[in-house]
Amino acid sequence: MLMITSFTNPRVAQAFVDYMATQGVVLTLQQHTQTDVWLADESQAERVNAELARFLENPGDPRYLAASWTNGHMDSGLHYQRFPFFATVRERAGPFTLLLMAACILVFIIMNVVGDQRVMIALAWPYGPAVQYDVWRYFTHALMHFSVLHILFNLLWWWYLGGAVEKRLGSGKLIVITIISALLSGYVQHKFSGPWFGGLSGVVYALMGYAWLRGERDPESGIYMQRGLITFALLWLIAGWFDLFGMSIANGAHVTGLAVGLAMAFADTLNARKRT
């Protein structure tokens, strides 16, 4: 057996062990003056040390909390430090993630004050020749949401996935994904239903596709989406396509966003593999 590291805080040690278990690596803990982490299969040492370095950079990452939940240690007394809500939001998101969240919330408030129609006339996808050169319209449709559930669903996913991408890969990468997916998903949805649509879900589906495929093809990037979550997203997509919810859903934007995210992840991982 090989000792990987020692933690002064047993809660942190357990979080790392739980996460590695979800990656197929079995670690054991031994409690002395500190909590030692031991690896039985020494051939996995390089991989474990690489994961440890990422863990130490941000032990509060949602993936580690999710791993503890998966492994049943949420009620063992090994809980993460509790942070105020807004501090937690800021900690796990970069500036662009927060800026777009604030913009969506502001637009939602304005829509509820002055009415949807006035805001849509100003921000919707170009609806006629007179406004086709209003460049912002090709992107601002993503800022509009039409119910509390709509905006909560999109912003939670945006914070969870967009924040991870921005923290790991930088603001530039998140901005590029957002711009391309908003533009292309909006274009396709416009062809499906006309210009009167809105929501960040096309971008969210792009992030889902990007995070999942990036994690599958380039685990070292630290970007990933659990297979259970991507399965849920696909089932939601299928249910929306067949109108199982009885709601107006931008299916064209969802499918296009997912395709954009997958394509961008494939391109990025192809370049990464060439460099190695």
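Using N, Cα and C of the backbone, Cβ positions are placed for all residues, glycine too.
What Swiss-Prot says about this one:
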- 94-114: transmembrane segment (TRANSMEM)
- 142-162: transmembrane segment (TRANSMEM)
- 169-189: transmembrane segment (TRANSMEM)
- 192-212: transmembrane segment (TRANSMEM)
- S201: active site, nucleophile (ACT_SITE)
- 229-249: transmembrane segment (TRANSMEM)
- 250-270: transmembrane segment (TRANSMEM)
- H254: active site (ACT_SITE)
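Annotated pair H254 (active site) and the residue listed as 'active site, nucleophile', C-alpha to C-alpha distance, rounded: 6 Å. The most crowded of the active-site residues listed here (S201, H254) is S201, judged by how many other CB atoms sit within 10 Å of its own CB.
According to DSSP, H254 (active site) sits within a helical segment.
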